[in-house]
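Worksheet: the structure to be examined is printed underneath.
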Amino acid sequence: MISRRNFITSIATGVAATALLTACGGSDGGGSAGTVEKPTVINYTWWGNDDRAERTNKAIALFNEQNPTIKVVGTFTDWAGYWQKRATEAAGGGLPDVMQWDLSYLRDYAQRNQLLDLGDIGIDISGFDKTLLPSGQVNDKLYGLPAGTNAFAVYYDPAKLKEIGVAEPTGKWTYAQYQQFLTDAGTKSGGKYYGSTDFSGIWWLFNIYLRQNNIPAFTADGKLGFTKADLNAWWSMNSDLRGTPAIIPAADVTQLLPKSPFGSNKTVSEPTWDNFMGGYLADSGAKELNMVAVPSDDPDNLGLFLKPAMLMVASAKTKNKDAAAKFIDFMINSPEVGEIFKTTRGVPASKTQREGTTFDGVDAQVVAYEESIAKYLTDAPEPPIVGFGTLESEFLRIQEELNYGKVTVDEAVDQWFTSAEDVISQNS
Amino acid sequence: MTQTPAPTRRAKSGPPLRDEKLKQRRAEARTGYAFLLPWLLGFILLTAGPMISSLYLSFTNYNLFEAPKWIGFENYTKLFQDDRFIQSVKVTLTYVVFGTPAKLIAALAIAMLLNSKRRGRGFYRSAFYVPSLIGASVSVAIVWKAMFGDAGPVDQILSFFGIGIGGWVGNPSMTMPMMILLTVWQFGAPMIIFLAGLKQVPAEMYEAAEMDGAGSVRKFLSITLPLLSPVIFFNLLMETIHAFQIFASAFIISNGSGGPAGSTMFYTLYLYLRGFGDFRMGYASAMAWLLLIVIGIITLIFFKTSNNWVHYSGDEK
């Protein structure tokens, strides 16, 4: 009984607290400009680790110094708690003025009128590549601006490959060659390392695979663009590899959380976003890690794209549009902010910021990778359908059951489609 | 002449006296209500109100952003077609059925050990109680996860005895034993209550039984258990209700996913994921009310059957 009460109380307190906070915010006097004595206060929230917190606080301090009439108050949580907080705030009508955002949730909130149209509130968007802006647009309105971009890559550890006598990949490879590489790495190391995690559990890699085959992930009217057969083909691809040294067992992956198997030195490679480099180096203690492009059976179509690593958005109900716009502009365009974050938010998305930032070491590697794949890049994906967050976590969960041998590929595909159809019917 | 003033005086002085008392009583009542107010407000705003709205929401489709849509009993009927819901019920029932008795047995055993007079009793009592104080905290679940992880102390000790199972955390068939061990380890609260109960058992009864030649097993079965039955009943009821509500430790150990392979998908965790992960507040509310009803029914069954085995002193039947 207490759980129910706690559950409800938490909603109620959340609502009450946000109501209280907005009430306080409101007494400030709407959108009127602040003064040095009484600056306009805006709230900014983000997810991330201590490193990002430190960098963000530096950026905020710099902004406050340059704009004495505005005071930015920052708070942050980890990813898991972030969206629950936003959901309760949205229910109470009191989202923070400015927020760091993810593509997965952009449509959910934009379509439900929770986010501010950033199109005409004085933010300079001239520095953005035209192919990148659609990923912040929902129904032709600009709700999110990318702070940085990331692209998908396959990481590998050159030292480990040398140790076990496997040649480094070149990034020009088919899926069969990629699987052979994983098998080689797993068998030649004699049990010391596995090849990789089961890459078929990663939604975004599946999305890339669909693009390689010219299949859209979602249709314009918010339905699935692919069939059960497509997903079946994808999940079947690794059927022979599961349980071999090519792929690390699901039990080990679970055990190592929150670190990844690659970061824990259990595998020689891992496919993921290119801005994870710093985290991998810190986790694994490796001196050097390299990135190559993802495999593709069509050498001219790698299906790769630049995705906003994170977006900046504002609350539709913010009382201080001008201050919020100024802060977003500062965060995405200022070269000084670029110097603070380097590539930890992805490679800076706006040209002004990117060109004003010096990259060296790991950051230079990330930038170099994105340059190396530039000719293969296609348009950034539009914000996925409403409820995409659920679909993505279901993808991972069901694929995990597959790896544990709890379900067959056919059952897994059926399960995911049942869940996806439920989500889509719920939100249409 | 002299008699008349008396009644008038009485009549005159009577009402003021009653007024005085009434005033005083009212003042007392006001003070009482004033003191009660914070709780009353809290109850209405934070418990009764949300409960009623949750009941309403359980009949709606509500995603936190848009106004709730009335859908009748759809949430409730959908529950029984939901594989993950069925899974969460199974996981939770396994935990309740095995975890609660194991915890109570451990609590009673340690309470009996600590009831005897030996040196350092106070220390041991505190030491055994501490885990249940910090039991629900996040840190313990994290420590527990590390202990049962790959190459963790538990795995190493077991390997030393030749029973290497590897890490428990990633093994779907070992997570439930691990969760049960975690709850058993937090036996402090029922132990304290058992200790208090054991103190009430008159020593003469044991002495009398000893004179009749009863062994320790006999004494335990014929004296300790029956006399302790009200305390056992209380603990059983509280711990069962408690077990149904397991959340924090499951959340931490599975990183909020209910994994591996759904083996720690407890009822409340699934409820939470539906509500805050998928924005299905109506569905989550229906789950919450179903849990309330089930716990209510189980409590009722406990009370009804308790007549057969719970003996209160002075209760001659």
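Placement of Cβ uses the backbone N, Cα and C atoms for every residue, glycine included.
Quantities reported herein were computed from a predicted structural model and do not represent experimental measurements.
Residues or ranges marked as domain 'ABC transmembrane type-1' by TrEMBL: B:89-302.
TrEMBL lists B:1-22 with the feature region 'Disordered'.
Among the features that TrEMBL reports, transmembrane segment is placed at B:33-59 (among others).
As annotated by TrEMBL, transmembrane segment applies to B:93-114 (among others).
Under the heading transmembrane segment, TrEMBL lists B:126-144 (among others).
Annotation source TrEMBL lists transmembrane segment at B:178-198 (among others). With a threshold of 8 Å between CB atoms, the same-chain residues lying at least 6 positions outside the transmembrane segment (B:178-198) that come near it are 95, 98-100, 102-104, 106-108, 110-112, 114-115, 125, 128-133, 135, 140-141, 144, 148, 168-169, 224, 227-228, 230-231, 234-235, 238-239, 243, 246, 249-250, 253, 264.
Tertiary proximity for the transmembrane segment (B:219-238) is limited to same-chain residues at least six positions away from its ends with a CB under 8 Å from its CB atoms, namely 100, 104, 107-108, 112, 190, 193-194, 196-198, 200-201, 205-206, 209-210, 299, 302, 306, 309-313. According to TrEMBL, the transmembrane segment annotation covers B:219-238 (among others).
The transmembrane segment annotation in TrEMBL covers B:244-270 (among others).
TrEMBL lists B:282-303 (among others) with the feature transmembrane segment.
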Exercise. Who are the chain neighbours of the transmembrane segment (B:93-114) in space, where the CB to CB distance is under 8 Å and they lie at least 6 residues beyond its ends?
Worked result: 121, 124-125, 128, 176, 179-180, 183-184, 186-188, 190-192, 194-195, 198, 224, 228, 232, 235-236, 239-240, 243-244, 246, 266
